[in-house]
Amino acid sequence: MEGGKQPGVVVLKASDLETGWTSYEQLSQKIFQKEKSFTSLALVWPSQETRKLNLNEFRKYWTEERAREMESKIFFKAAVYGFSKDAFRPFYNMLDAGALTGDEKMPELLLPFKERFLKIEEEGVLLLGYFEDSSEALSHVHSVVDEYPDAYVVSREELSDTISEQVFADMKKVSIFSISGVLMITVLFLKTVKKTLLALIPVATSVLVVFGVLSLFNIKANVVVLITLIVVLGLSIDYGIFLSSFKDGEAREPAIKAVTFSMLTTIAGTLGLLFASHPAMFVVGVTMISGIVSAYLSAIFSIPALEKVL
């Protein structure tokens with residue numbers, strides 16, 4: 001697997017090895033048809049039933065006449081290609097003796113791999129197969145495994161996606177509560193609809209700008225974005241409250257200086273994240289900086305202008 005990444009695992013439960021191997025072979029072949037990264041022991045060592053069928057086809061092809069004809073050709077052509085005249089003698093001796101029966105045990109060459117693909121337990125046996133642990137491969141594998149009640153998939157990729165989906169769903173709920181709390185506190189503090197609307201302008205601006213910037217970087221909304229956005233919303237509403245709580249005609253210079261200092265220190269603290277190699281840290285940096293800068297500009301310029309209109 002690329003970069004040492006752990007593979008996904010297909011597990012088939014069976015009561016015993018003999019009966020389970022047939023299902024193992026069928027499952028492996030179906031998966032391999034859809035997902036070429038899949039590998040299992042059954043793909044190189046079929047069930048006894050399949051081996052006997054293959055042997056019958058082999059014998060039908062290698063008739064006495066065809067075997068003698070090929071032996072004669074090899075005898076005269078072997079030296080041309082650097083083979084001795086008896087190089088293929090063991091093969092023809094095997095045909096003459098009829099040594100193959102289809103009941104042979106697993107070759108010693110495959111025995112070292114047996115522990116990796118076969119787990120024996122008190123309740124029965126577990127037959128394993130491996131595949132590249134990616135979203136596309138998981139889709140292919142599940143399309144087959146889901147038809148087998150005794151089979152299941154073990155995947156870090158799938159587990160990670162499941163956890164992320166659950167956390168993302170929880171974060172959406174948290175975000176709703178956070179926004180509701182911010183609105184309630186803002187209304188209670190400012191007491192008028194006009195000032196509340198003015199205070200929320202930086203919040204709305206920061207949200208729109210953040211998602212616009214994220215789309216430019218082709219970054220989807222995720223848990224990291226939502227957590228960072230909650231922090232951005234908290235700072236944005238602060239900017240809005242500071243600059244909208246003044247009465248008409250009052251000087252805002254002290255508040256503007258305080259908000260500017262707050263914005264600059266926040267940007268200074270998060271600017272380094274834009275140069276981080278880890279994707280999550282980069283997302284935090286992009287979300288924080290785009291949200292804070294847009295909220296600051298909106299608070300400084302939009303609130304005084306709209307206050308005269310509303």
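Using N, Cα and C of the backbone, Cβ positions are placed for all residues, glycine too.
Now, the feature entries from TrEMBL:
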- 136-306: domain 'Membrane transport protein MMPL' (DOMAIN)
- 174-190: transmembrane segment (TRANSMEM)
- 197-217: transmembrane segment (TRANSMEM)
- 223-243: transmembrane segment (TRANSMEM)
- 255-276: transmembrane segment (TRANSMEM)
- 282-306: transmembrane segment (TRANSMEM)
Exercise. Between the transmembrane segment (174-190) and the stretches 197-217, 223-243, 255-276, 282-306, work out which stretch tops the count of Cβ pairs under 8 Å.
Key: 223-243
Quiz item: So which of 197-217, 223-243, 255-276 has the most C-beta pairs under 8 Å when paired with the transmembrane segment (282-306)?
Solution: 197-217
Quiz prompt | Reported mean pLDDT - the domain 'Membrane transport protein MMPL' (136-306) | solution = 86
